[in-house]
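In what follows, a structure is listed as structure tokens, so that the remarks can point back to it.
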Amino acid sequence: MWWDERVSARFRRNLQPTLTYWSVFFSFGLCIAFLGPTLLDLRCQTQSSLSQITWVFFSQQFCLLLGSCLGGVFKRTLAQSLLALFASSLAISLVFAIIPLCHNVVVLAVVMAVAGLAMGCIDTISNMQLVKIYQKDSAIFLQALHFFVGFGALLSPLIADPFLSDTNCILANGTANASSNLPHIRKSLLPHHPGNLSRYDLPMKGMVVTRVSYAFWIMALINLPVPIAVFFLLYKERMVPCFNGSSHPLLSADELALETRPGDKDELSTAAQRPHTAAAHEDLFSCCQSKNFRGASYTYFAVHITGALVLFMTDGIVGEYSGFVYSYAVEEPLSVVHKVAGYLPSLFWGFITLGRLISIPVSYRMKPATMVFINVVGVLITFLLLLIFSSSVVFLFVGTASLGLFLSSTFPSMLAYTEDILQYKGCATTVLVTGAGVGEMVLQLLVGSIIHDRGSYSFLVCGMIFGCLAFTFYALLVFFHRMYPKPS
């Protein structure tokens, strides 16, 4: 194996929980990417307007953010974390199965809100548990974790595509013009952003002809092994409620000491003797309690804030670029045909997934701080070249692929780097996950309004500004890292 024996031994010892957390993140990816391409068919199913159905986006994204904030609540014991993951992954399968039965847009929005809460819990808990298990070796396993969310996000649109309507799925008089616009409208919904749809008028009444239900039932079956895997992990750890076994950590302090470097043994044994003396991986609300601030230096807060701001910008770039690159390409001066421009979001997400796969071995040889530096500098250079060659369709495709590669490993690398600075104490995982979620929501709305007022060219200008801010916040994080007190 291409890593050393110590990491390999730790991975073998934690094989089942690690694979379980990876599979749960596959559920997250499967659920996050299906809504864009299927939204028009769901509009037909609920017989709602485009403006009404786009509220489903908001309900999912808002509750995903809320679930990310609440996910840390379940970290207090391993049993709570695994039960929350079991409930969340099972809820996603149930959501897939129930969506075809939702014939009212309000009911659909409520169901998607439940899915968003489950996704948010999965996001926080899976990252948190992997960091707890592997600590200083967590970077490589976090990269693999985020590869699985990309893999799921690529798979769900492919499953849905054969069942999407080629023409308007509500048959009514005078729908010819609306039907000719359908491919263009569908592309503007990829991957999970509603775009500006107010100018389109599609029929709301008539005979509904859609086969999208089959896609959701297939995804429900594909996702079903995930909660089963979590249940088996609960059973193995004797945490199923019908058994009386006491909960215990996946890896004891003695086992950790055997697998760590000699210099780490004293630190781990000391931590085992005083497990409750410092708050570690609190939920967002517990983080805000004054008792956690006593004796903390200003750099403690600065590391949390600057780390979250870096991900606020980089995840915001992922959201705004994937949401608006199609709209940018089809408008002047590029005027790319709709069918060709539709490949851009898929190219972007494809290279994000490829980059996460490449980052798995790279993260073992390279420090997380170095990877984040390469990521933010690469994003800056790519946006600069996109601005310089803004009239080139070819470079738009090249730049989209490059941007996907550089953004792919930013989140897991930043999480590993920040947790390492804080010696795996504090609230880094919860704060960073929340910051990333807020950035993805806020920057999409901000860029959408700017494009509406200033034109399509501002899309790249906004990306360049966000890239500069991400680099600035990263430089501040490095500065505060140097100021942060070293462990005694």
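For all residues, glycine too, the Cβ spot is worked out from N, Cα and C.
Listed features, source TrEMBL:
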- 21-40: transmembrane segment (TRANSMEM)
- 52-74: transmembrane segment (TRANSMEM)
- 81-99: transmembrane segment (TRANSMEM)
- 105-126: transmembrane segment (TRANSMEM)
- 138-159: transmembrane segment (TRANSMEM)
- 214-235: transmembrane segment (TRANSMEM)
- 298-318: transmembrane segment (TRANSMEM)
- 340-358: transmembrane segment (TRANSMEM)
- 370-389: transmembrane segment (TRANSMEM)
- 395-417: transmembrane segment (TRANSMEM)
- 429-451: transmembrane segment (TRANSMEM)
- 457-480: transmembrane segment (TRANSMEM)
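Note: the stretches the transmembrane segment (298-318) and the transmembrane segment (429-451) are in contact (3+ CB pairs below 8 A, sequence gap of 6 or more). Ranked by number of Cβ pairs under 8 Å to the transmembrane segment (138-159), the listed stretches 21-40, 214-235, 370-389, 429-451 are led by 21-40.
The transmembrane segment (52-74) makes no contact with the transmembrane segment (340-358): fewer than 3 of their CB pairs lie within 8 A, with pairs spaced 6 or more apart in sequence. Spatially, the transmembrane segment (370-389) is adjacent to the transmembrane segment (395-417); three or more Cβ-Cβ distances between them are under 8 Å for residues at least 6 apart in sequence. Sequence-remote contacts of a segment are chain residues at least 6 beyond its ends whose Cβ falls under 8 Å from one of its Cβ atoms, and for the transmembrane segment (214-235) they are 16-17, 19-20, 23-24, 26-27, 30, 34, 38, 79, 82-83, 85-86, 89-90, 92-94, 96-97, 99-100, 155-156, 159-160, 162-164, 243.
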